[in-house]
Every structure is written in C-alpha cells, then in structure tokens.
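Record features (TrEMBL):
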- 628-720: domain 'DYW' (DOMAIN)
- 113-147: repeat 'PPR' (REPEAT)
- 214-248: repeat 'PPR' (REPEAT)
- 312-346: repeat 'PPR' (REPEAT)
- 414-444: repeat 'PPR' (REPEAT)
Amino acid sequence: MMIHPPYRFIREEDLPPCLFNMNKVNHWFRRGFCCVCTEAKTRTSGPIEADTCTSLIKQCGTSLHSLKTFHASMLKSHLHRNLHFLTNLIAQYASLGSVSYAYSLFSSTPSADLFLWNVMIRGLVDNSHYDHAILLYKQMLRLGIQPDNFTFPFIIKACSCLRHFEFGIRVHQDVVKFGYQSQVFISNSLITMYGKCDKYELSRQVFDEMPEKNAVSWSAIIGACLQDDRCKEGFSLFRQMLSEGSRPSRGAILNAMACVRSHEEADDVYRVVVENGLDFDQSVQSAAAGMFVRCGRVEVARKLFDGIMSKDLVTWATTIEAYVKADLPLEALGLLKQMMLQGIFPDAITLLGVIRACSTLATFQLAHIVHGIITTGFFYNQLLAVETALIDLYVKCGSLTYARKVFDGMQERNIITWSAMISGYGMHGWGREALNLFDQMKASVKPDHITFVSILSACSHSGLVAEGWECFNSMATDFGVTPRPEHYACMVDILGRAGKLDEACDFIERMPVRPNAAVWGALLGACRIHLNVDLAEMVARALFDLDPYNAGRYVILYNIYTLTGKRKEADSIRTLMKNRGVKKIAGYSVIEIKNKLYAFVAGDRSHPQTDLIYSELERLMDRIRQEGYTPDINFVLHDVDEETKESMLSLHSEKLAIVFGLLNLGPESVIRIRKNLRVCGDCHTATKFISKVTGREIVVRDAHRFHHFKNGACSCRDYW
C-alpha cells in the first residue's frame with residue numbers, strides 16, 4: 001500500500017507559521033524534496049561515514065548551527081536517505097526547539113514507520129505544539145498506522161495540557177482497542193490527564209483498575225486529588241502508599257506536601273523526606289518551607305528556607321507564594337525585598353503573588369514600590385495581567401487617581417481590566433464615572449457576568465436605581481448574559497438601599513432561581529438601614545437556615561433590635577449565637593506609617609504612644625463637639641449608662657487609628673485607614689468633623705466600600 005505524504009492530510013490553515021514557511025513549502029511541492037535539505041546544501045562540509053552518523057548527530061546536541069552544518073554533510077554523503085539516520089536527525093532538530101526543520105524533514109518522508117511518527121509526535125509535544133500533535137495522531141489513524149505504547153503517553157500528555165477531555169476519552173478508547181490498557185506508563189498518563197480535566201472519578205477508576213502500580217502511579221493519583229481539592233483523600237493515599245511498602249518518588253512527596261493541612265501531617269511527610277535522603281533537594285526543601293508556612297509553623301519554614309544554599313527564582317517564588325496563601329503578606333514582602341537585594345529580579349508570577357499580598361494590606365507606599373518594580377522590569381508576556389493587578393491594588397489602597405493613570409497608560413486592555421476599573425469606581429462611590437467607563441467599554445469589548453456585577457455594585461453604592469435597572473435589563477437582551485444569583489443580589493441591594501423594600505421583596509419573588517444567602521443578606525442589610533424589624537425577622541429566619549454560622553447575620557439583627565429598643569429580642573439573638581457556637585468577629589483598624597502597619601482595636605492600650613494618643617483624642621473630641629458633633633449613643637450596644645456609652649464611642653478603633661495618624665504623619669499626608677468591619681454611624685459622623693477641624697483628608701476602607709472624608713464631607717454623601 002502506498003503511503004501518501006502527510007501534507008495531503010494536514011491542511012495548511014491548521015498549521016502555525018512556526019511549522020511551515022509557505023514559500024519553502026511551495027518550493028518543496030514543485031521540486032518534490034525537503035526545503036530544509038536544499039537550504040542546507042550551501043553549508044556542506046566533507047563526506048561522513050555511515051557507522052559514525054548517529055553518534056555525530058547526537059554530538060550536535062547543544063548547537064542548531066552545528067546540526068545544520070552536519071545535516072549538509074549528510075546530504076553530500078546521501079545519508080539523509082537512510083530512514084534511521086533521518087529519524088535521528090528529526091529527533092535532534094526537535095530537541096533543539098527547531099520544530100519547523102523537524103517537521104519539514106518528516107513531511108518529506110512518505111514513510112509508515114511507526115518509530116518515525118512517534119519521534120515527530122514527541123517533538124511536537126515536547127515543544128508545546130499540542131494541537132498539532134493531536135492532528136498528527138489523527139492522521140496516523142487515517143493512514144492505518146497503529147499506535148503503540150510509546151505513542152499514547154505523548155498524545156495523552158497533549159490532551160492533558162490542553163484540558164481536552166473529549167479527545168482524551170477517545171484516546172483512552174484507542175488504548176483499550178489496541179490492547180495497551182494494562183501498560184503502567186499509559187495508565188499513569190491517563191490518571192494525570194483526567195485529573196487536569198477535573199474528572200477525578202475517572203482518574204481514580206483508572207488507578208484502581210491498574211494490575212500493578214509504580215511510584216509514578218501514586219504520585220499521579222495524589223496529584224489528581226490535589227487538582228480536585230481533595231487534600232484529605234490525597235494525604236490518605238500517600239499514607240496507603242507507605243503502608244504498602246512502596247518507596248515514594250520525589251513527585252509523590254511534593255504532591256503530598258501540597259495536600260498537607262495540619263502540623264502532624266507536615267511532620268510525617270518531612271520525616272519521609274529525611275528517610276529518603278531528599279532533605280538536601282532544593283525543590284523539596286522549598287516545597288517543605290511552603291508546607292510549614294501553610295500549617296502556621298513559620299519559624300520552621302524560615303529555617304528550612306534559610307538553609308537552602310543557592311536559592312534560584314523558583315525557590316524564592318515558591319516561598320513568597322506560600323506566605324501570600326498563608327495570609328502573611330508582610331513576610332512575603334520581606335522576602336521579596338531580600339530577594340532583590342541579592343540581585344534576583346521577580347518574574348510576573350512572583351510579582352502577581354506580591355500584588356495580592358499588597359492588596360490584602362492595602363498599603364499605598366507598598367503599591368508605589370511594586371509599581372516601580374513593574375516599570376523597571378521586563379514582563380512582556382504577562383504585562384497585561386500585571387498592570388491589571390496593579391489597577392486593582394491601587395483601587396484597594398484608596399487611590400483612584402493612580403489606578404486610572406495605569407489604566408490610561410495601558411497599550412492593551414481585556415475585559416478583566418475594564419471590570420477592575422469599573423469596580424474601583426463603584427467601591428469609591430463614583431457611580432456616574434463607572435457608568436461612563438462602562439459605556440466606553442461596550443464600544444470595544446462585550447461585557448460579561450463579572451462586568452455586570454461591577455457596574456450593578458457601582459449603581460448600588462451611588463443610589464442609581466434607574467440606571468441599575470437599565471443595566472440589569474440589558475444583560476440578556478443586549479449581551480446574551482444570563483443573570484446569576486450575584487446579579488439578583490445586586491439588584492436587591494440597589495432597591496433595598498434606596499428604601500424600596502416592597503419592590504425588593506417583589507423582585508425576589510419573581511426571580512427564576514431560588515434566592516441564596518447573598519440575596520437575603522442584601523435585603524437584611526437594607527432592613528438595618530431602614531430599621532424594618534418585621535421584614536428583618538423574616539429574612540433572618542431564611543438566612544439562619546442557609547448560612548447558620550455567619551456571625552454577621554446575627555449581629556445585624558441584634559443591632560436592629562437594639563436600635564429599635566427591643567432589648568429582650570436582642571438578648572435572645574446573643575443566646576442563639578452562644579448556643580450555636582457562633583462568635584462575633586472582633587473589629588480592628590489598620591494604618592500604615594512609614595512602611596509599617598499598626599493595628600488598633602476598641603479601647604486599645606497596647607501601643608507605646610497610648611498616653612499621647614488618648615490625650616490627643618480627648619482634645620480632638622472636644623474640638624469637634626464645639627463644631628456641632630453629638631455622639632450617637634445608639635451605636636453602643638451594651639446596656640450601660642449614657643456617659644459610659646459616650647466614652648466607649650470615643651475609643652472605637654477607627655478614632656484611635658486616625659489620631660495615631662495625625663500624630664505621626666506629615667501635615668500634607670493623606671490618612672488612610674482600613675477597617676475589617678462596616679464603619680459605625682457615629683465614627684462616620686465624627687470623621688467628617690475631624691476632617692473639617694484638622695484640614696486633613698482621611699480615607700477609610702471598610703468591609704464594603706471606601707469613604708473619602710474632606711472638609712467635613714464624605715464621598716458617599718451619607719448613602720451607605
């Protein structure tokens with residue numbers, strides 16, 4: 001049977017430019033031989049002997065120029081006509097990353113030799129041309145060339161890297177059809193592929209049906225558990241592997257470390273590391289440091305990290321990421337500084353982790369430092385992602401001005417970039433600006449469900465009811481976006497904040513999906529604003545069933561009862577919380593002074609400047625009283641006398657942090673406060689007066705939004 005050349009099956013439009021230079025291909029079609037060969041003849045050297053050809057090809061393993069020169073000599077000696085030598089040449093070109101040369105040589109050889117096809121498929125996969133490896137595999141089958149146990153692992157890897165589940169299933173069927181289902185390496189590849197395609201049950205089925213397993217099998221199934229967030233099961237499999245006497249591979253240990261969630265598990269895994277002589281392996285040590293950080297054993301992690309003699313970028317990045325994920329942003333930033341002092345510049349992935357850490361801290365000075373790193377760095381491949389993250393960082397640090405500067409200076413934007421800027425305007429109460437930007441976006445980019453959450457939230461924070469309805473109604477009709485529960489929650493919030501509680505209730509009744517905790521939570525928040533006790537009780541009952549351990553729901557109902565004089569009902573909520581083991585989150589405020597963070601709680605006396613803070617606070621409270629401030633004792637929820645209530649109000653964490661900022665920041669500096677809970681009404685009023693009597697701008701970020709206080713007014717216009 002005559003085998004037709006591959007170009008008859010793979011269409012030109014299916015191939016990227018890196019695989020074919022079309023001028024050369026046309027030349028090949030006209031002349032009937034490989035374009036690479038004709039080009040190489042201009043650099044011929046002396047003839048070579050057949051018995052040394054293969055070894056000489058392998059000696060060109062580091063230089064593409066040397067390989068091309070040797071290729072020219074092969075042409076002169078006609079050794080390129082030998083299929084064995086040609087296959088080795090193709091493999092060598094592919095190993096040096098020159099897929100175009102490898103594929104041109106392969107395409108010029110109308111051979112059904114399976115080894116040749118396997119070499120070409122492997123070359124494509126090794127160079128990340130996964131789609132084209134799959135095309136070549138399909139062509140093999142059409143030509144009647146039967147794949148073997150060397151073909152399948154590479155094709156399965158291509159499916160795995162592309163998350164191509166449907167074709168992966170087809171390849172699995174071929175594995176069974178051709179009788180290779182009992183091959184360990186193929187089964188290992190299938191386990192990994194199904195895991196990456198989020199089909200853990202199929203990974204486990206392949207694993208359980210394997211007649212024999214090796215160390216890679218265990219590593220693959222533990223990795224599949226990790227991919228599906230089944231850390232407990234993954235660690236259980238690791239223990240099972242050890243109990244069955246299997247020696248763990250390096251990969252299995254690394255996957256098991258990623259599954260660890262407790263001190264005891266961390267100690268057990270590290271004991272296995274030492275027993276297997278991997279305690280000096282740099283990547284294992286780096287992963288172990290991350291494991292101990294995640295378990296709260298920071299001192300152990302740092303000792304391991306410091307013990308790594310020659311730290312590369314991967315080591316630094318892994319540990320920094322571990323600190324970020326463990327919610328230890330200051331430690332992550334400290335490592336970044338130490339890394340750069342040693343002359344190692346962060347890559348985009350590391351920097352994105354650092355930006356997340358800065359976002360958690362919401363510190364303006366650190367945002368400037370990160371911005372400087374981005375400006376001087378080289379992040380061409382991921383510049384869009386880094387700049388988008390920087391916009392989000394500036395937004396969370398309270399600086400829309402800098403966020404917009406970054407946005408306006410970007411060479412390209414995607415839907416995430418637009419959504420981040422729109423969301424930023426919404427968080428700061430600039431609803432009109434958010435709508436203007438939304439209109440600009442629609443001219444070039446189609447909004448998605450995330451964008452609509454951003455714009456609806458912006459309408460909610462600014463009281464733009466009609467505009468909110470317009471955006472909501474346009475989702476499905478104009479953009480084909482089906483509303484999700486979060487969009488319904490935004491609309492309930494828009495209506496509820498505006499006092500349209502009956503309309504909000506009608507809207508919930510007409511929802512085509514069952515209301516979730518977010519929807520009811522938005523309505524309960526509106527009940528607090530407008531002190532609607534009856535509706536709050538009804539909504540709270542639904543929330544206590546849907547979200548029984550969310551302390552915030554209980555606190556809102558407790559506050560409503562207290563503010564409306566229903567002390568008995570308020571006490572019953574406290575009792576219910578106690579019986580259910582629900583604890584109220586303690587409020588605190590954070591302020592940054594000279595790149596250092598200071599946290600305050602109500603009545604805090606732990607700071608070295610406590611006496612100075614309290615004396616200045618007393619003077620400040622007297623000044624704002626003279627300007628017309630009257631303490632709102634309704635925001636003290638304890639059953640004490642009025643004088644004590646006033647004293648307790650003055651010691652709220654926001655006020656302590658603001659006074660500390662007044663004492664330690666220059667007169668031109670903006671005072672930036674971060675509060676983990678919603679700012680109380682009395683602190684909101686007091687801060688307006690403080691901004692007036694001191695002439696200072698104060699920015700407060702609470703759990704829901706930003707408040708910019710200046711000259712006695714707040715950017716929220718008291719709509720919050």
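Keep in mind that glycine also has a Cβ here, set from the backbone N, Cα and C atoms.
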* To do: Looking only at the repeat 'PPR' (414-444), report the model's average pLDDT.
  => 93
* Structure fact -> Counted with DSSP (H/G/I as helix, E/B as strand, rest coil), the repeat 'PPR' (214-248) has 26 helix, 0 strand, 9 coil
* For the repeat 'PPR' (113-147), jot down how many residues DSSP puts in helix, in strand and in coil. => 26 helix, 0 strand, 9 coil
* Asked: Per DSSP, what is the residue tally for the repeat 'PPR' (312-346) in helix, strand and coil?
  -> 26 helix, 0 strand, 9 coil
